[in-house]
């Protein structure tokens, strides 16, 4: 197998494993755990995994004093994004939630235009309109019920928080911090939010069977270590843009598990809406400067920066 083929396979695996979030989260909800408890354990288990990856790669845990406050802010943004997304699963189908979340590259483009005067091209505007049209087709779920406004707001809060995080990291003193330590500290400080929300353990819901603990561990392994390592290798083999475009498999994977495992319905209208959103975002990533802000970061677990040859 040639290097390019390996790169595309690894990129697909990276995106697909990240799309497994609902697969492991929903059974925990059904067992009585709430999003705060699920995310507390997810962060708690993911931190040592990333710590071992830092040691294995010979990275340093050392921080500069000026990096601490920005890291705390970035950690809270990522934690808020995770919390809003996982709460949205209680209000809408996971496939729809994951697809709506995928608009975050568009929000990055809008933030760069509004706050940093980056040029907003006509193709980008057309892609935004295409995405809005796709969102409009998702106004009703597969069973015909109107989409929950609360769920929509939660997903948009998640996407916006993550978009601000992506821009903030690239525009702050953290832009030169290696991505693996950056992710470690973002999760470490983000864990503080969930520690407060579970009343320092007083209202923490604990899994009571071995397979539920397996789900919690899987949440920390597959969307973290597996996805992270595969993304890194994919960028090395095929470059940033193709790897970012393969990220479209994330919502598609969530849709697949939602339909096959959890019995969610998928109509032609919903399919068209999802495809419009995915197409719009893919075109923006393929043709815009926003790619440089996205290839280093994926939901919750950023990618390693790779220097490209000129």
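From the backbone N, Cα and C atoms, a Cβ is placed for every residue, glycine too.
Per TrEMBL, these features apply:
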| type | residues | note |
| --- | --- | --- |
| DOMAIN | 6-139 | domain 'EamA' |
| TRANSMEM | 7-26 | transmembrane segment |
| TRANSMEM | 38-56 | transmembrane segment |
| TRANSMEM | 68-89 | transmembrane segment |
| TRANSMEM | 95-113 | transmembrane segment |
| TRANSMEM | 120-139 | transmembrane segment |
| TRANSMEM | 145-165 | transmembrane segment |
| DOMAIN | 150-285 | domain 'EamA' |
| TRANSMEM | 177-198 | transmembrane segment |
| TRANSMEM | 210-231 | transmembrane segment |
| TRANSMEM | 243-262 | transmembrane segment |
| TRANSMEM | 274-295 | transmembrane segment |
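Computed over the domain 'EamA' (150-285), the whole-number mean pLDDT of the model equals 86. Residue counts for the domain 'EamA' (6-139) under DSSP, split into helix (H, G, I), strand (E, B) and coil, are 106 helix, 0 strand, 28 coil. Counting only same-chain residues 6+ beyond the ends of the transmembrane segment (243-262), those with a CB under 8 A from a CB of the stretch are 7-8, 11-12, 14-16, 18-23, 26, 93-95, 97-99, 101-102, 231, 234-235, 274, 277-278, 281-282, 285-286, 291, 294-295, 298-299, 303. As a summary of secondary structure, the domain 'EamA' (150-285) carries 116 helix, 0 strand, 20 coil according to DSSP.
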